[in-house]
Structures are given as structure tokens and as C-alpha cells.
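Student: Questions regarding the structure given below will be posed in turn.
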Amino acid sequence: MTDLSPAPVDGPRIEAAVREILLAIGEDPDRDGLQDTPARVARAYAESFAGLHADPAEVLAKKFAVDHQELVIVRDIEMYSTCEHHLLPFHGVAHIGYLPQGGVVTGLSKLARLVDIYARRPQVQERMTGQIADALVEHLDVLGCIVVVEAEHLCMSMRGIRKPGASTITSAVRGILARSATTRAEAMSLLVSGNR
Ligand SMILES: Nc1nc2c(ncn2[C@@H]2O[C@H](COP(=O)(O)OP(=O)(O)OP(=O)(O)O)[C@@H](O)[C@H]2O)c(=O)[nH]1
Ligand SMILES: [Zn+2]
């Protein structure tokens, strides 16, 4: 995990709500072991939803010039997010590839920070994938980019349809990579897991 500061959440409100949930499921929120749970959940949510209050423009503000006009790819960026339908985790990896414009690149760690900003929100995987790609276009002014996210959704594994191990893969392609099949194919072949 990166070092996003916890979000400024309304702690007492989360605590009251968690206490209600515990009562609603037939638990005793005052029993040993559960007494501190509402406060723990509030702290955990402040971390899990910190991305709501982080600015992708700030993360991508620091750029530098390198004489490199070709693909930059960082893959297997670990990500943990929260499905907005069930408030259960989905987790996996994000892969990012981009073509710099005019030799302007960002620090590699900033790509991982960008993933974190969009992962640490109530999310659906498709939107998160697109948001990462859009941020690269908007704030890094890339010539093109591709973002692929592979994740397992606990709402599909531990409940509901109960299919552990099912992997959801989403991609978002922007700019020149959306227009050129050859460049996109090259990026994709370097990006996806089958080619490790
Ligand atoms: N497309 C998409 N669907 C998601 C994501 N996360 C969870 N879902 C799905 O959201 C859907 C919500 O379906 P609903 O029928 O409203 O809720 P539900 O009755 O709990 O559905 P089940 O999970 O099928 O039991 C489910 O099919 C989930 O698998 C995501 O990131 N993207
Ligand atoms: Zn879900």
C-alpha cells in the first residue's frame, strides 16, 4: 500500500451506523471483542476510502523529461478496492502502459499512487479502469495509454454466486493506442499475464 492519508470521515456517524448493523444482525455490540469494533471500522473506512479526497492532478504534477518516445509499462500494481454494490473488497492487479508525449514522463511510483487514488473509493471495476486512463490523458498529457485491471470480487466469491477464483478483466484504451491496432497489440502483449 502507498501512503495516502486517511480520509476525513465522520467517525461518530460511522460508529453509530456500525453499532446499528451489529444490532440488526443479532449481535451484542457491547460484548467483549465488539466494543471497539465501530471505532475500528471507522478507522478502516478512513483508509479504504482515502482516495475520495486525493487529487490525481497533484500526483501527476511532478513530471520530468527523458528522451523516450516509446511505451512505458508498469504491470502488477497491487490494488485493493471496495465494490460499491456490496461494500466488499475486490482486489488484484492493475497494469498501465503509456506513450509519453514529447519525452515527458512521470515517476513510476506515481502510476501506483494513481491506482490507489481510484481504488480507495466505493467503485466498480470498469469505472476505476477508465478513470485511471482518463487521468493519464488529462494530467500527464500522454499520447496514448492502456490500463488493464485483473481482480477477484469477494461479492462473487464469499457470497451470492460463490465462485472463488473467477477473475474479472477490464481494460481502457485512450489516444493513439485506441486508434492504432498495432501499437495497442504491442502494449497488450507486454501487459497481460499470459506473457510473463
Ligand atoms: N460490472 C460490474 N459488476 C459488479 C462489480 N462489482 C460487483 N458487481 C456486480 O454487481 C451486481 C449487483 O447485482 P444485484 O442483483 O443488484 O445485487 P445482488 O442481488 O447482491 O446480486 P448477486 O451478487 O448476483 O447476488 C452483481 O452482479 C455483482 O457481481 C463491478 O466492479 N463491475
Ligand atoms: Zn459486490
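From the backbone N, Cα and C atoms, a Cβ is placed for every residue, glycine too.
The shown structure was predicted, so the numbers you read here are calculated from the model rather than taken from an experiment.
What TrEMBL shows for this protein is this:
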BINDING   CYS83, HIS86, CYS155  Zn(2+) binding site
DOMAIN    14-190  domain 'GTP cyclohydrolase I'
Student: In sequence order, which same-chain residues at least six apart have a C-beta under 8 angstroms from CYS155 (Zn(2+) binding site)?
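Tutor: CYS83, HIS85, HIS86, LEU88, PHE90 - these are the non-local Cβ neighbours of CYS155 (Zn(2+) binding site), listed in sequence order.
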Student: Specify the count of other C-beta atoms within 10 Å of the C-beta of CYS83 (Zn(2+) binding site).
Tutor: 18
Student: In the same chain, outside CYS83, HIS86, CYS155, whose C-beta lies within 8 angstroms of the Cβ mean position for the Zn(2+) site?
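Tutor: Surrounding the site, in chain order, are THR82, GLU84, HIS85, LEU87, LEU88, PHE90, HIS153, LEU154, MET156, GLY160.
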Student: Take the Cβ of HIS86 (Zn(2+) binding site) and count every other Cβ within 10 Å, whichever protein chain it belongs to.
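Tutor: The answer is 15.
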